[in-house]
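S.K.: Pasting the feature list from Swiss-Prot:
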| type | residues | note |
| --- | --- | --- |
| BINDING | Cys96, Cys99, Cys148, Cys151 | Zn(2+) binding site |
| DOMAIN | 76-160 | domain 'LITAF' |
| REGION | 111-134 | region 'Membrane-binding amphipathic helix' |
| MOTIF | 20-23 | motif 'PPxY motif' |
Amino acid sequence: MSAPGPYQAAAGPSVMPTAPPTYEETVGVNSYYPTPPAPQPGPATGLITGPDGKGMNPPSYYTQPVPVPNANAIAVQTVYVQQPISFYDRPIQMCCPSCNKMIVTQLSYNAGALTWLSCGSLCLLGCVAGCCFIPFCVDALQDVDHYCPNCKALLGTYKRL
């Protein structure tokens, strides 16, 4: 039993794993904060002795701060997001994107998938003598197009199926 088995690890120097370098160390990215400006040369600080030998404070000189040019200027842009408008089978009030006026939409009914499906269903039921065309006369079975009354632009469509 003195021979080590294949499942035993060979004894040797153990190496402790170290933490990987940080992102800044790896990529060489500086911090996002600008470096402070270099100090301006000014008067020496300390006490100045007067003629009577007593210490007095030096006169204070104020220098105006020098603006640091920012190479990474941030431009602010305001974005207006308009919610999508849901069209239904009745007129809606909205601002027309073409003429930019507040309008109430005009409706136009067109044969759509539900109209043709209803016609085919009536035809299969035996309404061949013209009764199968009734869905083309019923607005509740047709698709609805919304138009601007001012510029006549198509604003949207409500599809029933």
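The backbone N, Cα and C atoms fix where each Cβ goes, and this holds for glycine too.
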S.K.: List the helix, strand and coil residue totals of the region 'Membrane-binding amphipathic helix' (111-134) as derived from DSSP.
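M.R.: Residue counts in helix, strand and coil order: 16 helix, 0 strand, 8 coil.
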S.K.: Other residues near the Zn(2+) site, CB within 8 A of the CB centroid of Cys96, Cys99, Cys148, Cys151?
M.R.: Pro97, Ser98, Asn100, Lys101, Ile103, Pro149, Asn150, Lys152, Ala153, Leu155
S.K.: Give the residue from the binding-site residues Cys96, Cys148, Cys151 that has the most other Cβ atoms within 10 Å of its Cβ, counting over every protein chain displayed.
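M.R.: Sorting the candidates by Cβ neighbours within 10 Å, the top entry is Cys148.
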S.K.: Using Cβ atoms only, which residues of the same chain lie under 8 Å from Cys99 (Zn(2+) binding site) while being at least 6 residues apart in sequence?
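M.R.: Result: Cys148, Asn150, Cys151, Ala153.
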S.K.: Count up the helix, strand and coil residues in the motif 'PPxY motif' (20-23) according to DSSP, in that order.
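M.R.: Counts, helix then strand then coil: 1 helix, 0 strand, 3 coil.
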